[in-house]
Amino acid sequence: MPVISGLIYIVYGTFAGLLTACVLLTLISRRLSDHQLSLGNNPTFVKFQRKYFLAYFLALAADWLQGPYLYKLYSYYGFLESQITVLYVCGFAASVVFGSLTSSLADRFGRKKLCITFCIVYSVSCFMKLSRSYGLLIIGRILGGVSTSLLFTAFEAWYAHEHLETHDFPKEWLSVTFSKATVWNGALAVGAGIVANIIAGPFGLGPVSPFLLSIPLLVASGVIVATSWKENYSQQRVSCSKTCGEGMRHIVSSRRMMLIGAMQSLYESVMYIFIFIWTPVLDPYELPLGLIFSNFMLCIMIGSAVYQILTTIRHSPVVLVNAAIIVALVSTLICVGSTKPLQEHPTVSYFAFLLLELACGIYFPAMGFLRSKILPESHRTGTMNWFRVPLNLIACIMLMVLHDEPTKAGTRHIFIICSALLVLALCCGVQFSSITKNDSALKDDGGDNGEIA
């Protein structure tokens, strides 16, 4: 199998090249935006940061460990692709439904309690991966979706409240913490992929091992939160229905917000689908999935560094969002050709996937910046909840319908529709660019808005 062995060498080679490029570009971007380096050197602030990071990074590491081998585990248990699709859809649905409730739950029960709940629920979800029962795996996947919503809302909300209300640190220092968190999040994702690859592959512990390794990390995170964090609550308690209602009113009253929402839903639904589809495209060739996952994360970090460099030299985030959509569109069009049944080209698909992740690295910080300028702070939660609804609906419907096909053509059809979605996203992006071309507020100064997704 020369093609397979050759591709394995390519995977290892690209890891070395991407790691080198990532380090160099990150150093360049940090040097160009060194205005943040002098901020937040207060010893009390640094100590508080470390207390937050210790628990948060353990939780992130536990989450990233599971990324490379979720599909592989279900396939290893002998489930059909259509059955695996249902498992993924259950996770997506649970995440969007519960995500709209997290703010209200935090107001009522407290953010510290939600962080501890995350650690418990996610540990149970990981433990349930030991079962081969389809029903139990569905329950575990739902718990995983709930946990994901908590991870990306409760921890950050707790930190922001403690930073501003309890310690009264300057608001400008928030960006210092989130900038560090972004860098370490990427590094943790890369490291988690390597660790998952080692324990599931060379150590021969199987695809369930990364999930079991996540449990002690989650327990440690929960213990740190329980013993060293203080409880905090929102000063204003607003019902979920009121939050969502006000969010919808703001969306329909602003064309710019509608276009931002459409761009996000269309683009990120493609990313959700990619989370599902990359493994069945590459796994038949017995490739190191954990290392491939690390390469994806390196591409995102490279894209984020490129964004920082380009915005520092005054390239508009609006232009960069559209550029990211175009790059992603090129990637999916390549995959349409490389996944043709009986004529698959896994090497081409692999490089197209790297290109797609590079586009994500540019897209997420650019879109994060635009949202911060377009969406009103007081109604951001309700607005974002509405943006997630079409995003998840598109992803779920596409996966359920197209992977019900009895042939492998479903994968190619998915990439065709992904390309169509990105064309629509680009149309929205061009319109958005047209109506905001004279808006000086939509120009980034190179601040760190990076995200790893």
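Even glycines carry a Cβ here, placed using N, Cα and C.
Predicted automatically and left uncurated, TrEMBL annotations should be read as such.
Residues 183, 190, 285, 287-288, 291-292, 294-295, 298-299, 301-302, 305-306, 309, 346-347, 350, 354 of the same chain, all 6+ positions outside the transmembrane segment (6-28), place their C-beta atoms under 8 angstroms from a C-beta of that stretch. Annotation comment: TrEMBL describes 6-28 (among others) as transmembrane segment.
Per TrEMBL, transmembrane segment is recorded for 53-71 (among others).
The feature transmembrane segment is assigned by TrEMBL to 83-102 (among others). Through the fold, the transmembrane segment (83-102) approaches residues 71, 74-75, 114, 134, 137-138, 141-146, 148-150, 153-154, 240, 244, 272, 275-276, 385, 388-389, 391-392, 395-396, 399-400, 403-404 of its own chain, all at least 6 residues removed from its boundaries and within a Cβ separation under 8 Å.
The feature transmembrane segment is assigned by TrEMBL to 136-160 (among others).
The transmembrane segment annotation in TrEMBL covers 181-205 (among others). Long-range contacts of the transmembrane segment (181-205) within its own chain (CB-CB distance under 8 A, at least 6 residues past either end) are made by residues 19, 26, 53, 56-57, 60-61, 64-69, 72, 213, 288-298, 300-301, 304, 448, 450-452.
The transmembrane segment annotation in TrEMBL covers 211-229 (among others). Panel annotation: around the transmembrane segment (211-229), residues 51, 54-56, 58-59, 61-63, 65-66, 69, 73, 112, 115-116, 119-120, 122-123, 126-127, 129-130, 158, 195-196, 199 of the same chain, lying at least six beyond its termini, place a Cβ under 8 Å from a Cβ of the stretch.
Remote same-chain residues near the transmembrane segment (258-281) are listed as 70-72, 75, 81, 85, 88, 92, 251-252, 289, 292, 296, 321, 324-325, 328, 332, 335, 339, 346, 349, 353, 356, 360, 363, 367, 370-371, 374-375, 383, 386-387, 390-392, 394-395, 398-399, 411, 414-415, 418, 421-422, 424-425, 428-429, 431-432, 435, 453 (criterion: CB distance under 8 Å, separation of at least six residues from the stretch ends). The annotation transmembrane segment is assigned in TrEMBL to 258-281 (among others).
As annotated by TrEMBL, transmembrane segment applies to 287-307 (among others).
Residues or ranges marked as transmembrane segment in TrEMBL: 319-339 (among others). Counting only same-chain residues 6+ beyond the ends of the transmembrane segment (319-339), those with a CB under 8 A from a CB of the stretch are 263, 267, 270, 281, 303, 307, 310-311, 345-346, 348-349, 352-353, 355-356, 358-360, 362-363, 366-367, 370, 411-412, 415-416, 418-419, 422-423, 425-426, 429-430, 433.
Within the same chain, residues 14, 18, 260, 263-264, 267, 271, 274, 278, 281-282, 295-297, 299-308, 317-318, 320-321, 323-325, 327-328, 330-332, 334-335, 338, 442, 444, 447-453 sit at least 6 positions outside the transmembrane segment (351-370) and bring their C-beta atoms closer than 8 Å to a C-beta of that stretch. The annotation transmembrane segment is assigned in TrEMBL to 351-370 (among others).
Annotation comment: TrEMBL describes 382-402 (among others) as transmembrane segment.
According to TrEMBL, the feature transmembrane segment maps to 414-433 (among others).
Under 8 Å from some Cβ of the transmembrane segment (53-71) lie the Cβ atoms of residues 84, 88, 115, 118-119, 122, 126, 144, 148, 151, 155, 159, 180-181, 184-185, 188-189, 191-193, 195-197, 200, 207-208, 210-211, 213-215, 217-218, 220-221, 224-225, 228-229, 276, 279-280, 283, 289-290, 292-293, 297, all in the same chain and six or more residues away from its ends.
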